[in-house]
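Undergrad: Here's a structure for you.
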Ligand code: HEM
């Protein structure tokens, strides 16, 4: 579940800040969970609920769901080989969760470099953060729906393949992702899929990035230098990753009298 928990914190923070809004159930299916980038692919909700229940049983009303997401993301990374970083705490949980908002602000895997830069800048993150945090794609899985347009229909041209993809990698992906199977899962974001390491950056360098948003990091000289450095030096990648995760974890947090500490992560408190 490590990849699911890491991605969950990212998707929480980009929409209304790190306020656990991604965890709220919506009776009308119009919450963040129901947005295109989340529905059917975001994983770890039951695990977060279980963690929260245990924490509540020991320390009721003290630890917010937003803090649990931040800590779970860090612990997940450490568990699969990444390096520890200190997580600043004190986030409160929000009251609002909007599908429309999530659909608008979460980055798409089909974005080009300039689009990604703008998307990250909107939440106060820079090119360094963009490249380093993309390193999260060293673990986890993806659905063929995200990859197939690069393999079969690039730029809307039937039969065209994304030229940014290494041709032999494109062939391999076509065996994993038949054109009519968008729900099939590619269980490999890089060659060492269950380990948090720097192989993602080597993959990107070798034109084996899974998404356009990965491949496009080579299109800018500054980003390319960051990719190269991370590929060469696990030490620098690990410390950069921790720094950028803290920055991401600080996006628009609710503190003090703002927000609440939810009793259960999937619903706002009834006395709110
Ligand atoms: C740069 C913009 C990003 C885009 C466009 C993007 C897009 C995606 C997409 C489309 C998937 C596959 C989902 C699926 O089909 O199941 C995915 C998976 C994943 N992403 Fe990203 N992502 C981005 C940045 C990040 C960041 C900043 C992190 C964390 C620091 C992250 C962590 C992950 C992880 C761990 C997975 C695997 C999830 C799993 O196995 O359930 N991504 N991402």
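Heads up, the Cβ atoms here are built off N, Cα and C, so glycines get one too.
What TrEMBL says about a protein is an automatic prediction, not a curated fact.
Note that the structure is predicted; figures quoted are calculated from it, not measured.
Feature list, courtesy of TrEMBL:
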- 1-269: domain 'Plant heme peroxidase family profile' (DOMAIN)
- 7: site 'Transition state stabilizer' (SITE)
- 12, 15, 17, 19, 21, 32: Ca(2+) 1 binding site (BINDING)
- 13-18: disulfide bond (DISULFID)
- 65-265: disulfide bond (DISULFID)
- 107: substrate binding site (BINDING)
- 137: heme b binding site (BINDING)
- 138, 190, 197: Ca(2+) 2 binding site (BINDING)
- 144-177: disulfide bond (DISULFID)
Undergrad: In angstrom units, rounded to an integer, how far apart are the Cα atoms of residue 138 (Ca(2+) 2 binding site) and residue 7 (site 'Transition state stabilizer')?
TA: 12
Undergrad: To the nearest whole angstrom, state the Cα distance for the pair residue 13 (disulfide bond) and residue 19 (Ca(2+) 1 binding site).
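TA: Cα to Cα, residue 13 (disulfide bond) and residue 19 (Ca(2+) 1 binding site) are separated by 7 Å.
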Undergrad: Taking the centroid of the Cβ atoms of 12, 15, 17, 19, 21, 32 as the Ca(2+) 1 site, which other residues of that chain lie with their Cβ within 8 Å of it, listed in sequence order?
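TA: Apart from the listed residues, the neighbours are 11, 13, 14, 16, 18, 20, 22, 94, 97.
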Undergrad: Would you mind sorting out which recorded positions among 7, 65, 107, 138, 197, 265 put a C-beta under 6 angstroms from ligand 1?
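TA: If the test is a Cβ under 6 Å from any atom of ligand 1, the answer is 7, 107.
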Undergrad: In which DSSP state, out of helix, strand and coil, do we find residue 21 (Ca(2+) 1 binding site)?
TA: helix
Undergrad: By CA distance, which of the recorded positions (7, 107, 137) lies nearest to residue 15 (Ca(2+) 1 binding site)?
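TA: Checked the recorded positions 7, 107, 137; minimum Cα distance to residue 15 (Ca(2+) 1 binding site) goes to 107.
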Undergrad: Going by Cα-Cα distance, which of the recorded positions (7, 21, 32, 107, 137) sits nearest to residue 177 (disulfide bond)?
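TA: Considering only the listed recorded positions, the nearest one is 137.
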Undergrad: Count, for each of the disulfide-bonded residues 13, 65, 144, the other C-beta atoms lying within 10 angstroms of its own C-beta, and report the residue with the smallest count.
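TA: With the disulfide-bonded residues 13, 65, 144, fewest surrounding Cβ atoms within 10 Å: 144.
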Undergrad: Per DSSP, to which secondary structure element type does residue 197 (Ca(2+) 2 binding site) belong, with helix, strand and coil as the options?
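TA: DSSP assigns residue 197 (Ca(2+) 2 binding site) to coil.
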Undergrad: Among the recorded positions 18, 137, 190, report those whose Cα falls within 10 Å of that of residue 12 (Ca(2+) 1 binding site); none is a fine answer.
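TA: Checking each Cα against residue 12 (Ca(2+) 1 binding site), the hits are 18.
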